[in-house]
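A.B. asks: A single structure is presented below for examination.
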Amino acid sequence: MDALSFPVITFPPNPKLTSSTVNNDHRFQNHPVLLSLIDHCTSIKQLKQIHAQMLRKGLFFDPFSASRLITASALSSFSSLEYAHQVFDQIPQPNLYTWNTLIRAYASSSDPVRSFQVFLQMLQQCCEYPNKFTYPFVVKAASELKASLVGRGFHGMVIKSSLGSDVFILNSLIHFYGSCGDLDLAYRVFINIPRKDVVSWNSMITAFVQGNCAEEAFDLFRAMEVENMKPNDVTMVGVLSACGKKVDIEFGRWLCSYIERNGIAVNLTLNNAMLDMYVKCGSVEDAKLLFDKMPEKDVVSWTTMLDGYARLGKYEEAHRVFDAMPNQDIAAWNALISSYEQNGKPKEALAVFHKLQISKSAKPDEVTLVGTLSACSQLGAFDPGRWIHVYIKRQGFKLNCHLTTSLIDMYAKCGNLEKALEVFNSVERKDVYVWSAMIAGLAMHGRGRAAIDFFSKMQKAKVKPNAVTFTNILCACSHSGLVEEGRNLFYQMEQVYGVVPGVKHYSCMVDMLGRSGRLKEAMEFIEKMPIARTASVWGALLGACRLHGNVELAEHACSQLLELDPRNHGAYVLLSNIYAKSEKWDQVSRLRKLMMDCGIKKEPGCSSIEVNGIVHEFLVGDNSHPLSKDIYTKLDEIVARLKSIGYVPNKSHLLQLVEEDDMKEQALNLHSEKLAIAFGLISTAPSQPIRVVKNLRVCGDCHSVAKLISKTYDREILLRDRYRFHHFKAGHCSCMDYW
């Protein structure tokens, strides 16, 4: 390397280290003093100047001197791995320490796979064998990449190198196996360590926590005392995390008192861990007491407190914390957006996102976009979702599997299956969740055959299906009447794919059999279930009874469901609808009285429609909208026009007994989805599809009306209810009346 290629720079004011000092002072021309200057460098430019002097004096070719330069360029606060590697390549014979330094730097970088490449190069070119410092670094790289086979290979090399008892290496292997989810092997390494140190215990506790094995983490913590191994702050962070996952507030409080009693040094990280535990255990009061007395707070502390209030629905307090934050970074914005989105308040989540855009205090990241896309999915807000997709492209976000899955889900739930397929086909890397999201979108739109085709393509792509995939494909079969195909897939789950069926899969099977009218077979299937029957299983059977009007079986299913979930208002509503369909009005009245006596209220029907980027919501009988008068005028016009072509209101879809026929008809016309469709007709261009999202199942009368409107008004209507999409076009529905 030419010394003249390095710029002459001015060092910070320091009598010990200046540009002229390095270049001219004879005292710094000797070996030890020049090398000591490396420790005072604060930038790569300064390091390059010392590099130039080393070349001029011939010091660069001394292995020890070269290793000092590599260490600074690769591991310092101002490190440049590209420069470090260039320097490394010019060392004639790097020693083992220098190889280890470069391997270590890459293991902690954004590209850990380079660590493996340097390791392989070392095996070929270095005259020394890898030592006890080499292996922890390459094992760390394997942990970062979750490269199970590569890490196991390193484990084998460790044993063959007679380093199998080195605690430093074994601790790194515990972390590696834990990161890969192989807790059995992690624990086997742990118990075979001859002399465990506190890092060994901490590594195993962390592995259990990451693997959602809270009890095992607690047991290990208790065993530390038996072995006279004193826990430190890292131990307590791990155990507190396990406590938060298990939601055990009493044990959590005991742990906090244990920390105080045993004089464990409490730093900011440990305080944040206690704060996080309190929040996850739902004790925001304890969290607030700790928060107020914390001597030091960082963005994690503030965000955790904000999240605690938001989890409990205390949004005023959450916003108060947010406003008081010294720095409102993107993590704080994400906490607000996620809390609204995950607690059934998607409209509020979008409002926070819009506020973020206006404030410009932080830039949306991947977490922001995933949360906001989920809010769009819940609302059926197509325009904001499409805008976010454009934003992703303009800002150069890499379309990874998380964003791809969110976009597919958003487009599918907003009724644009073609765009969902376009996103799916545009990405090269598709993990199991991307495939599962696309299958779910097809299922929702009644495209059962296409969903099965995608499942086959997934096998050809060598992507192993998981439990979510099978839930989605079974739903697709259920919604399309593909009973035999669904049955075959269900029985292949464990035998062929190694996925043990869970309660969701059994519920899908009951739903599938029930929808197709095989109610007796569905009941027999429930009786033979090898797992406990849950409310969802009986709910699936009850829904099938509603479809086919089987009163006797419906009563049995409802009684079983209410025994498991006494306050399930949906069970009462479904059975009431079944009674109403059979004109058993005395039974309808009895159920309504029972609901009132128990203080159980039917969830009000709510439908939303997005027009010009604004989401409008309608409740049953709603007259609060500014255009309410125009909406009801349009609704009267619709009813009159439909009656002229033979429409007769289906009055069996009323929960209560209404004596007068005109009142029955009026009650049906007040359903929220009809109000939303009427608003769509007066607010959108004829070429635009009308997209409506309802929080409950669409009733049969509204389904019939939407079909007729699509034909009479020549409009495309996309109505998404709690269970699926209904795509109405020219008087036909994608569900083929099979819902």
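Note: Cβ is positioned from N, Cα and C throughout, glycine not excepted.
Unlike curated entries, TrEMBL annotations are predicted automatically.
Keep in mind that what you see is a predicted model, and the values were worked out from it rather than measured.
What TrEMBL lists as repeat 'PPR' is 95-129, 197-231, 267-297, 298-332, 400-430, 431-465. What TrEMBL records for 646-739 is domain 'DYW'.
Can you tell me where each of these features sits in this structure?
C.D. replies: Distant neighbours of the repeat 'PPR' (95-129): 63-64, 66-67, 70-71, 74-75, 79, 81, 84-85, 88, 137-138, 140-141, 144-145, 150, 161; these residues of the same chain sit at least 6 beyond its ends, with a Cβ under 8 Å from one of its Cβ atoms.
Residues in the repeat 'PPR' (197-231) partition by DSSP class (helix H, G, I; strand E, B; coil) as 26 helix, 0 strand, 9 coil.
Residue counts for the repeat 'PPR' (267-297) under DSSP, split into helix (H, G, I), strand (E, B) and coil, are 23 helix, 0 strand, 8 coil.
Mean pLDDT for the repeat 'PPR' (298-332) in this predicted model: 90.
Residue counts for the repeat 'PPR' (400-430) by DSSP state, with H, G and I taken as helix and E and B as strand, are 23 helix, 0 strand, 8 coil.
The list of residues near the repeat 'PPR' (431-465) in space but at least 6 beyond its ends in sequence, with Cβ under 8 angstroms from a Cβ of it, reads 401, 404-405, 408-409, 411-413, 417, 420-421, 424, 472-473, 475-477, 479-482, 485, 489, 497, 499, 720, 724-725, 727, 734-736, 738.
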A.B. asks: Are there residues at least six beyond either end of the repeat 'PPR' (197-231) with Cβ under 8 Å to its Cβ atoms? List them, or say none.
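C.D. replies: Long-range Cβ neighbours of the repeat 'PPR' (197-231): 167, 170-171, 174-175, 177-179, 181, 183, 186-187, 190, 238-239, 241-243, 245-246, 248, 251, 262, 264.
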